[in-house]
Amino acid sequence: MVQIILIVQVFLITVQSFNLDTRIPVFKVGPKGSYFGYSVAEHVTINGRTSPYEPILLVGAPRASDYYGVRTGALYKCPMNSNQRDCTNLYVEADNLTSAAYSDSSDRQDQWLGVTVKSQGVGGYVMVCAHRYVHRGVDFRWGNGICYSLSQYLDYNRTYEPCRNRLVDLAHEQFGFCQAGTSGEISSNNEILIGSPGPYTWRGTIFANNIRYMGPVIEGQSPVSKYSYLGMSVTSGDFFDKKKLTFAGGAPRSNGTGQVILYTKNLGKNLFDLRGILQGEQFASSFGYSMTSLDCDGDGHSDLIVSAPFYYSKTEGGAVYQYLNKNLRLGKFDQYMKLTGKPESRFGFALANAGDLNRDGFQDLAVGAPYEKNGVVYIYLGSSNGLKSEPSQIIEADNLPEPVSTKTFGYSLSGNLDMDKNDYPDLLIGAYESDSVVLLRSRPIIKIKTSVRGNLTQIDPNSKGCPDDPSSKTACFSVSPCFKLLGNANVQSLQYRIEAETFTGKKHYRAIFRQPSHEESPNIVVRNITLDYRSRTEYCHKEVIYLISQQDIQNSIPFKLTYSLIQSKPEFPEEGDLLPDVNLYPILDQVEAQRLFYARFVKDCGSDDICESNLVLKGKLLGSSRKSGDNYMLTLMDELIALDLQVSNMAEPAYDPELVIEHSQSLSYVGRKISDSSLLDCKPETGKVRCSLSNPFKGKLDFQLRFNGHNIQDRERNFFIHIQANTTSKDKNLDNNRINFNTEIVRRADLELNGASVESQVRFGGEIKGETAMKYENEIGHKVYHKYTVKNHGPWRALDVSVFINWPIQLDNGRDVGKWILYITSIPSVQGGRCDIDSRYVNPHGYTIEQEVPNDFFRKSEKRSRGKREAAKIKAIRDRDGNILNVATLSCESGAKCIPIKCVIPKINPNSTALIQIPSRLWNATFVEEFSDVHHVSIKSFGEISLNPLYNIEQPTTSNDKFWIETKAFPDTSHIAPQASWWWYLVGILFGIIILTFIIILLYKTGFFKRERYARVEQNDTDTN
């Protein structure tokens, strides 16, 4: 006889909803164009003049005007009511300062009062800052910045000017443009923290405790370089010592990626002690732009949250990093959990400790994404393991009630205060582009304890009837959903619903209810009930269920129980009406609001009705090698990670067989590969995959599971995959039911550096001009471009690649300054990255490129005698024709002073290249003076690749990581008649002799040398007489 047993299993299901009520917000509007909402703070005064508990919305409007119409900025105070335009300007300066505040020594026009607004909480102090406040005189204007502290009643308390009376002789290179108050905080021990990103060429610092203490800013002492903007954000917490606060300052431009600097205060000195540096992940992501601290894991210690709102990828925009503080150790600085937003949303632009919204003992986080649509705020719940990776609530500006219209919703945030005294924290949200703020109040959470009970444990499907319906013609059984209201909640009306099977996607069902809610869906029942916490008892209602099919009795019947509160929808109030009481609209604890339970069938497993199976699990992680035990090493070739698995059972049938695959959060399940998909059904959950085998299972099954490693962080060095085979049958050997793959990640990338000189041969000559006689770059000498190419042959991407280049800049003459060799005309460039070079060597004479010189400008040479050569090694070499040539070499190793150039490339994908270009000109005068008597000069620069060890990139070879680029410079001798060889002279002489001989012979033949003679005449003596 086949029997059925009802076994109840309960699973908790996560639901995307939460208790911040968006239907009846408090909405406030400020003066148009005032940036009302640029900063916000929840504040509560206690034992006040008008009320023992007065909630106040504090709103910064940095472009608002004061009494006199001067656009100084303002701090507004808003009551919590339905009126939208009743906020009042507190006139912090005009009411509380003397007339000196408006004297000629101060310039408050556009000082942006209200850029920072912070409250210490219930009955605490308030601070408001103006980071563009100017202290001026006859011949100076210093952008000091200023902050004010107010009492809990918002009366003036004190002024803070941390940069007043500090060194300003070098202007921005000292404390001339501090911009103090760009960020601020009032710590738990009443210390004022002021972020000041301007000192010492925008290195920045933070000030604390009456501005007596500060972070070091001088070069050599400061942990950051120029233009790092340290102080753009500040926060504090007990990150290292329960009795001693640690201060954190964000430097969003430090090191290109952004950094967070952690300080502690040493009572014996004014400068903070450096405790650590958190490094940003991506170039130009502005890591450290915003920060907050909260206890998101409930251990009593502050955890640190840091944002990088300009983080980007094809599918992401903005990132938020969680650093858990375990046992007062903030954790390894390269270990974090990352949340990301949508592209171009600036996710993380604002962060706030939202308090314990659902009262589960863990503080929660609010994250602003002001440029996603018209603005979105994400809520992340805390847990014992830190923040949950998925938001519990997504609040969009476009989904607020119609009268509420905002833009840049989420630009500023403030939370962790109970503004309506219902014991739940509320959230204040700023939207400065629409000059408005929105307060969302938290609805009370109703906790209901639920259970599902079955009154029968064995049913014969071939029998008829059951104790609750003995006359039934089919087998039946009963279940009772039970509910108990916890806490002090009022009487609540509840509707529950039970659905059999079809909620899984199946079209057919095997069970129906005795009193279904609808004749067309007899597998669904819906009931309305009323609960009262005063009864202190459970409410249970019995449901009779009938089997309508005896087929597939080996598979259990799933049921889903859901319930919801029965309540009317609140209406957004008209201005002047009372605010609706949010306590009248509670919400159910979503963790308990849905449950699954199963009716399972007894199996035929022999006379003892006990199935003794033996599940055996074997597997291999493709591409991996075993190190020891469960430890493996995997070289990532691409983002696909695959496992070949085999599960077998050669004993009695295994009923309800299941594989549970737990994996790192950075892995995502892709799918399975199997010959018959009906034999294996896999469904992903958070951090795991559940695979159901054919039921019952006996025999052997081979298949492949595939995961995507797209979300593996580039600094992540390990991941795990743990696989467990389970069955409701009795397994005779549990030791072979589990496989663990604890895997070390190896990333391999073969980087190669090569390059060339754009003009490998250049010439020098012509007129010598001094440095001051030239105005244009073209007068210096010929252009020389050295181009280095970094190629990644793969198979993995390379991150944070540095190329260090030694550049021959001057002759090495043993003195501090030598003659120029290759004069750099502009900052070197690299595709997708940046190059760092000492600015003193980039066109220090400021030559322009306006004038073109004739092509033969450097060829009109005249013979000149040279003095003693400054520096160079001359080497005699023999060319192909056997001639001996004198060659001079100028390199970092011989004859040249070199300067370092560092080019950083954030990312090079496989089979991609990055081009580095260094523009320069040959300093013609140096070569004419020093090297006119050599055949040519060989000028060499040298480059070498360096990888950031944080990313654990391995190279198969480093022999191709270095490269020399050579440029040859020849003296121009085109104006000098070439010297002929001796044999040319000999040939000329012989040729002349032959011509002369020919002419002589020709003259001889023509009788030229024969002279005519006259006949002799004899004379007589008489004639002579």
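Glycine is no exception: its Cβ is also placed from the backbone N, Cα and C atoms.
Remember, TrEMBL labels are computer predictions, not curated facts.
According to TrEMBL, the protein has these features:
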SIGNAL    1-17  signal peptide
REPEAT    22-87  repeat 'FG-GAP'
REPEAT    217-272  repeat 'FG-GAP'
REPEAT    273-332  repeat 'FG-GAP'
REPEAT    333-389  repeat 'FG-GAP'
REPEAT    395-457  repeat 'FG-GAP'
DOMAIN    442-592  domain 'Integrin alpha first immunoglubulin-like'
DOMAIN    605-743  domain 'Integrin alpha second immunoglobulin-like'
DOMAIN    751-971  domain 'Integrin alpha third immunoglobulin-like'
TRANSMEM  982-1004  transmembrane segment
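For the repeat 'FG-GAP' (333-389), the partner stretch with the most Cβ pairs below 8 Å, chosen from 22-87, 217-272, 395-457, is 395-457. Taken residue by residue, the repeat 'FG-GAP' (22-87) breaks down under DSSP into 0 helix, 32 strand, 34 coil. Averaged over the repeat 'FG-GAP' (217-272), the predicted model reaches a pLDDT of 90. Across the domain 'Integrin alpha second immunoglobulin-like' (605-743), the DSSP tally of helix, strand and coil residues reads 6 helix, 88 strand, 45 coil.
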